[in-house]
Every structure is written in structure tokens, then in C-alpha cells.
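Colleague: This is the structure, below, for whatever I ask next.
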Amino acid sequence: MSYNHKNVLDTEQFSKSDLDFLIKKIKDMEHLVERHKAFGILTGKLLASLFFEASTRTRLSFEAAMERLGGRVISTVGFQFSSISKGETLYDTMKMVEAYADIAVIRHPVEGSSRIAAGAVKIPVVNAGDGAGQHPTQAILDLYTIISEKGTLDGLSVAFIGDLKYGRTIHSLINLLRHYKVRLYLISPIELALPDSYKKGLEGYPLTLEETTDIKAVWECDVAYVTRIQEERFPDHKEYERLKDLFKINKELILASKKETTILHPLPRVNELSTDVDDLPNAAYFRQARYGVVSRMTLLCLCLGQDF
């Protein structure tokens with residue numbers, strides 16, 4: 001099949017056949033990187049890295065991906081270093097970026113901002129996180145990580161632990177997992193439960209869903225996806241302080257599981273995932289970060305119409 005998505009804005013845009021194609025192409029890219037490390041598929045192409053919200057991993061992952069493909073990067077980090085701080089609209093900023101770059105990657109604190117950005121320009125736009133909305137490239141690399149670690153998706157039980165209300169990585173990955181025969185366990189405080197809009201979006205798909213506040217439900221799961229409590233999204237800091245330490249994953253909890261539960265985390269972590277888990281063979285979050293580069297290399301090529 002061919003890839004027909006110029007932009008990567010949310011996970012709803014991908015069908016099951018799109019995902020099957022992407023997983024195959026990411027595997028192909030992984031093999032290429034193992035042999036050559038870097039190559040010139042995107043020589044002469046320029047990526048605009050527009051991060052108006054804090055990021056280390058995602059920004060460096062995209063920039064490393066472009067550099068490994070032979071392309072180059074121009075960047076801006078934070079509102080204070082951009083003309084937006086002077087009152088320029090995102091639309092006008094994107095029109096200027098279009099004059100400089102062949103593709104834009106944008107992170108922005110306002111949900112839906114990537115669609116505004118894409119609507120302003122003809123170059124491809126990739127959403128690297130829009131507020132509490134979505135983070136589609138993280139979801140694609142997470143999906144690839146699960147398949148790489150477990151060999152399949154169908155039949156797996158996957159736990160999402162922590163901030164399911166504001167966690168955009170969770171929102172995005174759940175939208176992809178709905179295409180597979182999986183059992184989802186949503187483990188969170190009631191106050192941070194998955195929004196109803198996302199649960200409604202799962203209706204009619206082959207997965208099953210269970211919500212609980214019991215952290216020991218992770219013992220029933222093949223995969224545990226742990227996230228930090230999103231302090232920056234809370235309107236009331238006291239509420240954050242009350243909830244931040246309710247769910248913690250440590251080695252003792254994981255070793256008590258009946259299954260060899262693979263542990264994922266989009267990072268950064270605070271104190272929801274103990275460092276004593278790091279030396280377990282099923283702690284996959286650092287491998288997950290490595291999969292991110294080849295996943296984004298693949299998406300950059302496909303968005304620019306460059307097959308490999």
C-alpha cells in the first residue's frame with residue numbers, strides 16, 4: 001500500500017492498514033540504521049523544529065532523526081525566543097516557516113494548535129504534542145515498542161497507570177490500540193480518569209476496557225504504561241500535591257506479578273517509577289526512547305514523499 005498522510009496531527013487519522021504499513025516501514029528503517037547509522041535520504045531537506053513548550057527527548061529525537069537522514073534542522077525553543085512573544089499569531093509564524101523549511105515539527109501548549117499550523121501552510125506538519133491533546137508520533141513509537149518487545153499486540157493486556165486525564169501520550173496510544181484485540185486496564189485516581197470522550201471513541205472496536213484504582217491490577221498485565229502526573233496541567237497546585245504520590249511502580253510490585261510485565265514510560269519520570277526497576281530485563285523505557293528515533297526517521301521520510 002502507499003502512505004497518503006502528508007501531515008501527522010492526531011492518531012484518529014490512522015487506519016489499521018496504515019498502522020500495519022508503518023510498523024513494517026519502521027522495521028525496515030531499523031535494519032537500515034543498524035547497517036549504516038546515517039544516510040542521505042533527505043539530503044537538501046530542512047526541518048523547522050518549533051518547540052513552544054518544554055521538551056528534551058522529543059525535540060532531540062526529531063532533530064537526531066533528521067540529521068541521520070542527511071537533512072538539516074533550524075529551531076526555536078520557547079515562546080520567549082520567538083516572535084509569538086511579540087504578539088505574532090501562530091498562523092503568521094507558520095507562513096514564515098513555510099518560506100524557510102520543507103517540513104515543520106511543532107509542540108505547543110494549546111490543544112488543537114497543530115491543526116492551525118497545518119492549515120496555514122502547504123509543507124508537511126508533524127504534531128509533537130499539543131497541550132493535553134495528543135502526541136501521535138509518541139504513540140506510533142510506543143506501538144512499535146510493544147510489538148518489538150512482545151512480538152504481537154493481539155491478545156495482550158495493557159495497563160495505563162497515572163495521569164489518564166491530562167496525559168496526551170495515553171490519549172494517543174489508546175486511539176491506536178483500539179484497532180487490536182487487547183484488554184486495557186485504566187489504573188488511576190478517580191480525579192485523573194480517562195476523559196469520557198476518549199472512552200466513547202473506543203466503542204465498536206475489538207478491545208475490552210476495565211477501570212480501577214487498584215495498582216495491583218498491573219499483575220494481570222503484559223504491558224504497563226506508566227506516566228507522571230502532569231503538574232503543569234493542573235489549575236490547582238494543591239490538587240496536584242494531593243494526587244502526585246498515589247501510584248508508584250517499584251521493583252517489589254513488578255516482581256510480584258504473575259507475568260513478565262514489560263514496563264514502558266514516555267519519560268521524563270518524577271517519582272512514579274522507581275529507579276530500582278531500571279535493572280529489570282522487562283524495563284523497556286530506555287529501549288523505547290531508541291525506537292523513537294527510527295520511528296521518527298520513518299515518518300519524516302513518508303511525510304516528505306521519500307520512500308526507502
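Just so you know, glycine gets a Cβ as well, placed from its N, Cα and C.
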Colleague: Since Swiss-Prot lists ARG57, THR58, HIS135, GLN138, LEU267, PRO268 for carbamoyl phosphate, which candidate among ARG107, ARG178, ARG242 does it give for that site as well?
Modeller: ARG107
Colleague: To the nearest whole angstrom, what is the C-alpha distance linking PRO268 (carbamoyl phosphate binding site) and ARG228 (L-aspartate binding site)?
Modeller: 8
Colleague: Look up ARG57 (carbamoyl phosphate binding site) in the DSSP assignment and reduce it to helix, strand or coil.
Modeller: helix
Colleague: May I ask you to report the DSSP-based helix, strand or coil state of GLN138 (carbamoyl phosphate binding site)?
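Modeller: For GLN138 (carbamoyl phosphate binding site) - judged by DSSP and reduced to three states - the answer is helix.
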Colleague: Find the longest CA to CA distance in the recorded carbamoyl phosphate-binding set ARG57, THR58, ARG107, HIS135, GLN138, LEU267, PRO268; express it in Å as a whole number.
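Modeller: With ARG57, THR58, ARG107, HIS135, GLN138, LEU267, PRO268 as the binding residues for carbamoyl phosphate, the largest Cα distance is 16 Å.
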